[in-house]
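Here the structure comes first, spelled out in structure tokens, and everything after it is commentary.
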Amino acid sequence: MDAHCIVATLFLKSEEMEPANYTRVTEFVLTGLSQTREVQLVLFVIFLSFYLFILPGNILIICTIRLDPHLTSPMYFLLANLAFLDIWYSSITAPKMLIDFFVERKRISFGGCIAQLFFLHFVGASEMFLLTVMAFDRYAAICRPLHYATIMNRRLCSILVVLSWLGGFIHSIIQVALIVRLPFCGPNELDSYFCDITQVIRIACANTFPEELVMIFSSGLISVVCFIALLMSYAFLLAMLKKHSGSDESTSRAMSTCYSHITIVVFMFGPSIYIYARPFDSFSLDKVVSVFHTVIFPLLNPIIYTLRNKEVKTAMRKLVNRYILCKEK
């Protein structure tokens, strides 16, 4: 059964569980980022620029890794998967947000809201788990260099990527199952530009403390634990590199890769911890953090990896010259 079928099944079951004296909310109204027309036009130009940069940037990363024979190590295989998730993650909220800048009353159906929420957590959690896999890859490369090719073979890499997706799927199903069983009988305005559990749960016509507690543990606590574990892992790897290696090019390249991964980890987990590892009350910074998390963060991945990785930059330059500018080198 695919993701769409599972979301639809949960939705239908929630309707069966709905008490008879409730009038179910069939759509939600989004307040968006601003009500001022001029500000909306400025934001549209800014976020459209971001989105049009995210797509080609990550597509270029995927094509470069697929087509360049020198980028065959497990690290680049995982990077290509990360770039794919970034494309998907930014496409969950950005297109509708851009359209809504020109719509006076921004609406989303109940089913559409649940689907957006599902895919947001599915892809976001998958990306978190993938970052953990990439940390393990760096550990194997730095601490077990002679056995690296044996440990991180293509079969294991594929299994770890599939497990990352499976973990994200299970995590997302839990969030959706908790949301769809709640009664929504009156208020239907979400103070945001997209659907997320922190917004939807506030307008439920029931005591949502148990659901909120489970969500904080399943989203917030996991984010905090993974974040601390990843930072400690990379701190250990950097200490190993500085202690046991010289100043040769391979050491500098390994340290540069670790710093890139640390930057991505901070940008990914920081907003996630702020949003989900606390009670779901409204704060003034919520929209700013959400924009960074869903729109700007996916833009940073290709920039950080290409600026700090000489091999990727060289391969990209060759790819652009050969297939886009039609210059054979």
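Each residue, glycine too, has its Cβ placed from N, Cα and C.
Any TrEMBL annotation is an automated prediction that lacks curation.
What TrEMBL lists as transmembrane segment is 41-63 (among others).
TrEMBL lists 57-305 with the feature domain 'G-protein coupled receptors family 1 profile'.
The transmembrane segment annotation in TrEMBL covers 75-94 (among others).
Annotation comment: TrEMBL describes 114-136 (among others) as transmembrane segment. Outside the transmembrane segment (114-136), and at least 6 residues removed from its termini, the chain residues within Cβ reach (under 8 Å) are 3-4, 7, 10-11, 75, 78-79, 81-82, 85-86, 88-89, 92-93, 96, 108, 160-161, 163-165, 167-169, 171-173, 175-176, 179-180, 194-197, 200, 219, 222-223, 226, 229-230, 233-234, 261, 264-265, 268-269, 272, 294.
Long-range contacts of the transmembrane segment (156-180) within the same chain: residues 3, 6-7, 10-11, 13-14, 74, 77-78, 81, 114, 117-130, 132-133, 136-137, 197, 200-201, 211, 214-215, 218-219, 222, each at least 6 residues beyond the stretch ends and with a Cβ under 8 Å from a Cβ of the stretch. The transmembrane segment annotation in TrEMBL covers 156-180 (among others).
Within the same chain, residues 121, 125, 128, 131-132, 135, 138-139, 142-143, 171, 174-175, 197, 258, 261-262, 265, 269-270, 272-273, 276-280 sit at least 6 positions outside the transmembrane segment (216-237) and bring their C-beta atoms closer than 8 Å to a C-beta of that stretch. Marked as transmembrane segment by TrEMBL: 216-237 (among others).
When Cβ-Cβ distances below 8 Å are used as the criterion, the transmembrane segment (258-277) is approached by residues 124, 127-128, 131, 134-135, 138, 196-198, 215-216, 219-221, 223-224, 226-227, 230-231, 234, 237-238, 241, 285-286, 289-290, 292-293, 297, 300-301, 304-305, 308-309 of the same chain, each at least six residues removed from its ends. Annotation source TrEMBL lists transmembrane segment at 258-277 (among others).
For the transmembrane segment (289-307), same-chain residues at least 6 beyond its ends with a Cβ under 8 Å from one of its own Cβ atoms are 33, 47, 50-51, 53-54, 57-58, 60-61, 79, 82-83, 86-87, 89-90, 92-94, 97, 120, 192-194, 196, 260, 263-264, 267-268, 271-272, 274-275, 313, 316. Here TrEMBL flags 289-307 (among others) as transmembrane segment.
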Would you kindly list the residues that approach the transmembrane segment (75-94) from elsewhere in its chain, counting only those six or more residues past its ends and only Cβ-Cβ distances under 8 Å?
47, 50-51, 54-55, 58-59, 61-62, 65-66, 116, 119-120, 123-124, 126-127, 130-131, 133-134, 137-138, 141, 154, 157, 161, 193-194, 257, 294-295, 298-299, 301-302, 305, 312
What residues in the same chain, six or more past the boundaries of the transmembrane segment (41-63), come closer than 8 Å to it by Cβ-Cβ distance?
33-34, 79-80, 83-84, 86-87, 90, 94-95, 97-98, 101-102, 295-296, 298-299, 301-303, 305-306, 312, 316, 319-320
